[in-house]
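TrEMBL annotations:
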DOMAIN    70-320  domain 'G-protein coupled receptors family 1 profile'
TRANSMEM  55-79  transmembrane segment
TRANSMEM  86-108  transmembrane segment
TRANSMEM  120-149  transmembrane segment
TRANSMEM  169-191  transmembrane segment
TRANSMEM  235-256  transmembrane segment
TRANSMEM  268-290  transmembrane segment
TRANSMEM  302-322  transmembrane segment
Amino acid sequence: MSCHFQYFTTSQFVYINLRIFVICAVNNQPVLLNHTFITEFLLLGVTDIQELNPILFVTVLAMYFVNVAGNGAILMIVISDPRLHLPMYFFLGNLACLDICFSTVTVPKMLENFFSTSKAISFLGCITQLHFFHFLGSTEALLLTVMAFDRFVAICRPLHYPAIMNSQVCIQVAISIWAIPFLHALVHSILTSQLNFCDSNHIHHFFCDVKPLLELACGNTELNRWLLNTLTGTVAIGLFFLTFLSYFYIVTYLFLKTRSCSMLHKALSTCASHFMVVMIFYAPVLFIYINPDSGSSLEKDRIIAVMYTVVTPALNPLIYTLRNKEVRGALNRKIRILL
């Protein structure tokens, strides 16, 4: 019997090896390759209904413009007006800068994908977006807690306020507020980047986040889910509790100790604007990151995520300018100078 030799091209060789791997997998035999090497992901966006994209594009663009213009104005006023060189407005300036950065992480890519056919984001770009999303989101949660503590000291311990919240302390606190969440987000991004992804690279979201990426991962993701649900959830609840406790103590103190109605109204007005921002920020965040992981919840997560990535950063400057007399006065003075 004669032997016949057949030569294969590179593509034929790869195809034959893939067939062998599949046969081994079907027969429960050891396989050399059990996941795909993904170089990019596809962001499926806010909704699967294409007809809504033009309306959503205009709405999101308008909200993003309000966010950048409003928070930019607050940041400019806080820096330029000497009357606002106080701890409360120092942290308010940080919040304004933070809101601009937070939306910029996700919104430009979302706007692009409304009319893009590919909707692709590179693996590195996805992990980078995930990192800065968690970094800036955690920073805002920590900043809101510090702002609540600042109001607590100013109202309930007014004689000690200059010593406790002096400029050196404020700068040190601000550095910590930005540094600690960066390290926390770094853990998320490193652990997520080490995952193996199977079958699909379609992310059912409009940006890269840990929860939808875990739905695509194969292998053991228990550590990632623990970090997301237990650690991040506990930190979020803890910061919210401290923030709520500060405002609760302030309101109790004002009603028990304050005799002046004008002082009571001024303090409550300032705290009301702060607490309104806190509630708008935490309500969707706590729903998503404490809610148990499930594929069915991803659709709700996409809609709720729009709240804290698009709507909340745009509402913050409106709340502070409408309810805060000092900010409103500084803005009016700046407009009169420009005109």
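Cβ coordinates are placed from backbone N, Cα and C, and glycine is handled just like the others.
As the structure is a computational prediction, the values presented were derived from the model and not from experiment.
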Six or more residues beyond either end and a Cβ under 8 Å away: which residues meet both conditions relative to the transmembrane segment (55-79)?
46-47, 89-90, 92-93, 96-97, 99-100, 103, 107, 110-111, 114-115, 306, 310-311, 313-314, 316-318, 320-321, 327, 330-331, 334
Does the transmembrane segment (302-322) come near the transmembrane segment (169-191), with 3+ Cβ pairs under 8 Å (pairs 6 or more apart)?
no
